[in-house]
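Trainee: Annotations per TrEMBL:
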- 69, 71, 226, 300: Zn(2+) binding site (BINDING)
- 69, 71, 226, 300: Fe(3+) binding site (BINDING)
- 78, 136, 163, 229, 305: 4-imidazolone-5-propanoate binding site (BINDING)
- 136, 302, 304: N-formimidoyl-L-glutamate binding site (BINDING)
- 245-384: domain 'Amidohydrolase-related' (DOMAIN)
Ligand code: NIG
Ligand code: FE
């Protein structure tokens with residue numbers, strides 16, 4: 001049983017609930033990690049001796065980022081679509097089928113290697129917990145294959161067979177929904193924790209999305225939903241009604257959507273990398289926060305609408321473009337992400353929590369937005385182990 005001490009922390013963001021400051025910042029602090037968990041937090045100098053010491057040298061330490069929404073199991077490149085969008089083309093989601101074709105043609109070894117590459121990117125940028133999903137297979141065996149590969153790297157796996165209707169079902173979408181709710185779900189459920197659908201015009205309507213989520217819940221999966229990305233729609237309210245842990249995107253929200261979120265316990269997950277990469281208006285984050293809704297920030301890392309794995313970049317976008325304070329944005333990217341995954345063991349640096357923390361090469365968390373695009377992650381501890389150190393890998 002190895003113990004690890006991180007001391008001389010100038011600013012320690014704990015996210016400990018209950019106080020007036022949501023970040024519950026401590027100064028000149030130390031953290032002791034034993035057996036993958038936070039064992040002790042106190043002043044530098046008061047900590048017990050440990051096997052390994054990380055001297056934070058007055059830097060800031062934050063909880064590891066919790067990226068509650070990614071699509072990392074895929075093959076192929078869609079940079080041409082991005083270039084076309086920057087020249088004026090709209091994003092419609094139609095390119096999803098291009099990734100489906102490339103993914104289905106790729107062997108497991110290629111998909112696993114791509115996933116490992118992206119996982120390293122996430123780690124180097126301070127993400128210690130992430131969700132990822134299927135959705136680029138759209139067949140019984142291919143969706144199960146993507147989830148099996150995803151399960152190898154995270155317990156937070158989501159079945160998204162209802163991503164779009166594949167070409168072979170385009171004239172009979174309800175037959176595809178029946179396939180998703182039947183044989184595809186049966187094949188995928190053993191590898192998934194969550195069930196999701198893309199509830200959007202051009203993808204799945206409210207009845208179809210309801211059918212998929214209800215079928216998933218019936219076999220023990222927990223619901224979450226892609227909603228209100230490309231336009232107004234019923235997705236957010238449907239998610240709240242079905243008790244979804246989170247509704248994700250929330251780009252186009254009516255007052256009724258915000259009231260529904262404020263009245264339920266569904267988290268609104270905002271994905272500002274999408275608005276950046278599709279040149280769309282940003283979600284009304286301030287209205288959500290002012291209404292008391294729990295907000296999460298995530299990357300939505302995927303080859304189409306948002307090919308960034310960087311939570312620091314999303315924090316900077318949330319501050320600059322959605323008017324969150326740097327403290328609010330950091331909370332949403334850590335504790336907010338944990339709430340979106342219904343996890344109480346991550347997203348905080350508190351006794352008993354999973355020892356997931358990031359030493360920033362900066363004196364304060366504010367630098368995450370103040371110094372956009374700068375690699376500020378100095379050291380990453382994930383599950384009690386040093387997963388990354390600047391200059392060492
Ligand atoms: O979350 N909205 C649906 N799915 C993804 C985009 C997938 C793609 O374009 O490949 C999203 O943005
Ligand atoms: Fe997504």
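The count begins at 1 with the first shown residue.
Note that Cβ sites are derived from N, Cα and C of the backbone, with glycine treated the same way.
Have a look at these and tell me how they're positioned relative to everything else.
Mentor: According to DSSP, residue 226 (Zn(2+) binding site) is assigned to a strand segment.
Long-range Cβ contacts of residue 226 (Zn(2+) binding site) within its own chain (separation 6+, distance under 8 Å): 160, 196, 197, 198, 199, 200, 203, 235, 248, 249.
Residue 78 (4-imidazolone-5-propanoate binding site) counts 19 other C-beta atoms within 10 Å of its own C-beta, drawing on all protein chains shown. Secondary structure at residue 78 (4-imidazolone-5-propanoate binding site), as computed by DSSP, is coil.
Counting every protein chain shown, the Cβ of residue 304 (N-formimidoyl-L-glutamate binding site) has 24 other Cβ atoms within 10 Å.
Look at the domain 'Amidohydrolase-related' (245-384): DSSP puts its residues at 53 helix, 25 strand, 62 coil.
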Trainee: Give me the Cα-Cα distance between residue 71 (Zn(2+) binding site) and residue 302 (N-formimidoyl-L-glutamate binding site), rounded to a whole Å.
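Mentor: With distance taken Cα to Cα, residue 302 (N-formimidoyl-L-glutamate binding site) is 5 Å from residue 71 (Zn(2+) binding site).
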Trainee: I need the CA-to-CA distance for residue 305 (4-imidazolone-5-propanoate binding site) versus residue 69 (Zn(2+) binding site), whole Å please.
Mentor: 13
Trainee: Roughly how many angstrom lie between the C-alpha atoms of residue 163 (4-imidazolone-5-propanoate binding site) and residue 302 (N-formimidoyl-L-glutamate binding site)?
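Mentor: Between the alpha carbons of residue 163 (4-imidazolone-5-propanoate binding site) and residue 302 (N-formimidoyl-L-glutamate binding site) there are 13 Å.
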Trainee: Anything from the binding-site residues 69, 78, 136 with its Cβ under 6 A from ligand 1? List those in sequence order.
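Mentor: Those binding-site residues that pass the cut-off are none, since no Cβ is under 6 Å from ligand 1.
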Trainee: Per 10 Å Cβ neighbour count, which of the binding-site residues 69, 71 ranks highest?
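Mentor: When each Cβ's neighbours within 10 Å are tallied, 69 tops the list.
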Trainee: If you check the binding-site residues 78, 136, 163, 300, 304, 305 one by one, which have a CB less than 6 Å away from any atom of ligand 2?
Mentor: 300
Trainee: Any idea what the Cα distance is from residue 304 (N-formimidoyl-L-glutamate binding site) over to residue 69 (Zn(2+) binding site), rounded to a whole Å?
Mentor: 14
